[in-house]
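Chemist: Below you'll find the structure I mean.
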Amino acid sequence: MYSNKLGRLMFGLKGLKVTSACGAFERTAARSGFSWAASNHTYTPTDLSYQTIQSSVRSAVHTTVDHGEVKRFQLLANKWWDEEGEFAALHAMNDLRVPFVRDNLLNAQRERHPGQPLAGLRILDVGCGGGLLSEPLGRLGATVLGIDPVEDSVRIAQLHAAHDPDLRDRVSYQACTLEELSGEGEPQQQPEQGVTQFDAVVASEVVEHLADLDTFAICCSHVLKPGGSLFITTLNKTNLSYALAIVVAEQLLHIVPRGTHDWEKFISPVELERLLESNGFLVQSVQGMLYNPISGAWSWTNNTEINYALHAVKQDDEAQDGSSPSGGHDEATHS
């Protein structure tokens with residue numbers, strides 16, 4: 001289906017003059033509130049005015065929940081397990097993100113459990129949706145808690161996991177926010193007493209939908225054990241990510257529903273790394289990801305201009321005191 005759409009798109013573009021094609025693209029961008037002038041500015045760690053604006057906006061929120069996003073995903077809750085539907089790209093992404101989590105956790109583990117390599121590890125899946133990532137991690141032996149503020153998505157996740165006897169004692173779900181779980185939320189809203197510490201937190205295709213990334217980073221630190229891993233996949237904030245993730249994927253090919261993404265919420269690897277390291281994390285690796293709409297498959301790439309995966313580790317207090325502001329790590333080409 002997508003290959004036919006892409007073929008029609010490319011055929012149509014060949015029949016257009018370059019100037020008219022660019023003009024059409026710019027008009028589409030303008031209607032979406034996208035500014036080429038703003039997007040062409042590369043924000044660096046020394047861009048203090050940008051940091052100040054971003055920090056003031058985020059610190060005034062103090063919640064990860066964007067209620068507009070909650071309503072949007074509420075309407076899609078029954079479609080999580082349609083592998084050819086709106087979440088097809090997320091199903092396909094498991095081919096990359098599951099090994100990414102597994103292999104990085106195994107590198108830090110001394111014990112080996114053949115057949116269940118993640119046995120003995122507790123993983124928190126933030127923004128779990130219908131459990132698309134929680135289930136495969138549970139099948140690898142991990143004890144997984146998936147949380148999501150959309151109650152209908154949690155209900156779908158629970159119903160789907162109930163069909164697999166191997167998951168009943170390993171995967172559980174809870175309708176709550178990250179700040180409620182970590183103890184940062186309203187006291188009357190906290191679902192449990194005390195904070196359970198996890199070996200890993202996973203937030204895959206989540207941070208670009210959150211209202212406050214500072215609160216997100218603080219809460220992740222609260223629920224992670226010292227030395228625990230944080231795994232994030234998200235979208236970079238570049239011209240190319242706008243063109244492909246919004247104009248092409250949403251408006252032209254309809255790979256995901258229109259309005260799924262807000263380019264203003266995208267975040268560069270550099271800014272995300274700076275945010276995490278200011279909250280006690282040390283970034284270990286950043287790797288680009290590329291989606292092929294024709295094959296419906298994801299692949300790793302050295303370029304992070306569109307999608308990327310990040311692995312960070314929570315430092316203990318002593319490590320934080322002795323670490324430099326910018327630790328070395330394996331990284332792809334940041335854009």
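Every residue gets a Cβ built from N, Cα and C, even glycine.
Unlike curated records, TrEMBL annotations are generated automatically.
Pulled these features from TrEMBL for this protein:
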type: BINDING; residues: Arg97, Gly127, Asp148, Ser204; note: S-adenosyl-L-methionine binding site
type: BINDING; residues: Glu205, Glu208, His209; note: Mg(2+) binding site
type: REGION; residues: 316-335; note: region 'Disordered'
Chemist: List the residues of the same chain that sit at least 6 positions away from Arg97 (S-adenosyl-L-methionine binding site) in sequence and have their Cβ under 8 Å from its Cβ, in sequence order, or write 'none'.
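Modeler: Sequence-distant Cβ neighbours: Leu133, Val202, Ser204, Phe231, Thr233, Ala309.
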Chemist: To the nearest whole angstrom, state the Cα distance for the pair Glu208 (Mg(2+) binding site) and Gly127 (S-adenosyl-L-methionine binding site).
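Modeler: Cα of Glu208 (Mg(2+) binding site) to Cα of Gly127 (S-adenosyl-L-methionine binding site) measures 11 Å after rounding.
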Chemist: Whole number in angstrom, please: the longest C-alpha to C-alpha distance across Arg97, Gly127, Asp148, Ser204 for S-adenosyl-L-methionine.
Modeler: 19
Chemist: Output the one of Asp148, Glu205, Glu208 that, of all these binding-site residues, has the highest number of other Cβ atoms within 10 Å of its Cβ.
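Modeler: Counting Cβ neighbours within 10 Å, the top one is Asp148.
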Chemist: Which number gives the other C-beta atoms within 10 angstroms of the C-beta of Ser204 (S-adenosyl-L-methionine binding site), all protein chains shown included?
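Modeler: By my count, 25.
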Chemist: What residue among the binding-site residues Gly127, His209 has the most other CB atoms lying within 10 A of its CB?
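Modeler: That would be Gly127, with the most Cβ atoms nearby.
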Chemist: Cβ within 8 Å of the Mg(2+) site centroid (Glu205, Glu208, His209 excluded): which residues?
Modeler: Gly127, Val206, Val207, Leu210, Thr234, Leu235, His261, Lys265
